[in-house]
Amino acid sequence: MSKSALLVLEDGTVFRGISIGADGSAIGEVVFNTSMTGYQEILTDPSYSQQIVTLTYPHIGNTGTNSEDEESNSIHAQGLVIRDLPLLASNFRNERSLSDYLKSQNIVGIAEIDTRKLTRILREKGAQNGCIMAGDNLDEALALDKAKEFPGLKGMDLAKVVTTAETYQWKQGSWTLLDGLPEAKDDSELPYHVVAYDFGAKRNILRMLVDRGCRLTVVPAQTSAEDVLAMNPDGVFLSNGPGDPEPCTYAIEATKTFLDIGLPIFGICLGHQILALASGAKTVKMKFGHHGANHPVKDIDRDVVMITSQNHGFAADEATLPDTLRATHKSLFDGSLQGIHRTDKPAFSFQGHPEASPGPTDAAPLFDHFIELIKLSVNEARSA
């Protein structure tokens, strides 16, 4: 028999449903994601730290879960909100039902609520703090108090919370249908050494860099520029991650150093915002952010439209871009800035997720541009 659950927003709105995860409570910023598939990748994306994820597609859990689709070692979303959990999970890769997966990691979830109504509230009022309670002892008043007590993501440095504790090497490429996840590549197959800052990095980003010949040294978020330069990298990657970029002064200062010496830099999501801040631009908190796998973005340089995967609640403010930065991509949903490129340095970034997982791969050529910048830099160093 299903246990009861409730979701209470900070404005006092109450949704009652059934529990699909662990007993207990979860507090965070409630956001909505419009992806139809990829719920396991979404849950394990560290960028969702301190957020309760509402999935707008009505049927979630159809394909179960498996060990190969995780984007990190654990679920990072605070809680999950869905309309309907199918009785059966059917897929040849299924290892565990979504409900069991949530319970195994002590994650609270709620189903059988009106997610359309919830999404309209978030769209019109903006992202709200909320509290999910699940189990036998549900207390609306207590849940409301907890939701109101949550400080919000503005000013919250979460990159140093979700980052790796130790530096490590990554040499594994992408999953394929026939072979699954491959063995780590030999150094002889990886001609470029890239140091990747882990602000909450997704595994598929690392895999796509390896696919293009990068031997990755993944370092903690607070690693100094001096320590990175001692590793003699051919380029630096600034990963995605959760929270507000402005408090990440350690990353901003390190990026300034890399810019000064002309090291190739590629940033994604939070890394995009950090590059913007290091270059003199400002960032802003968005009303409800972009979360989904169907966001149209215009590539200004190529004059084409890409369908992209998005997951961010902050954005670089185009009005504050200095002369050394030019806009390269814009959202066709709200006109917000989606990409920048330094005019004087081999550095660029993208707000969306070119690695997808889940989502389309229209923006994957951005990885190729990073390799082009690395090749130019390496050739210039050799001829100097």
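Quick reminder: no glycine exception, Cβ is built from N, Cα and C everywhere.
Binding of L-glutamine is attributed by Swiss-Prot to Gly241, Gly243, Leu270, Gln273, Asn311, Gly313, Phe314, and the same site annotation extends, among Ser47, Ser67, Ser72, to Ser47. Neighbours of Asn311 (L-glutamine binding site), defined as other CB atoms within 10 A of its CB across all chains, total 27. Put simply, of the binding-site residues Asn311, Gly313, Phe314, the one whose Cα is nearest the Cα of Glu355 (active site) is Asn311. Taking the Cβ of Gly241 (L-glutamine binding site) as reference, residues of its chain lying under 8 Å away and at least six apart in sequence are, in sequence order, Pro46, Ser47, Leu158, Ala159, Val162, Thr163, Asp198, Phe199, Gly200, Ala201, Ala221, Cys269, Leu270, Gly271. According to DSSP, Glu355 (active site) sits in a coil region rather than a helix or strand.
Note: the L-glutamine site is recorded as Ser47, Gly241, Gly243, Leu270, Gln273, Asn311, Gly313, Phe314; in the same chain, Gly200, Asn240, Pro242, Asp244, Pro245, Cys269, His312 also have Cβ atoms within 8 Å of that site's Cβ centroid.
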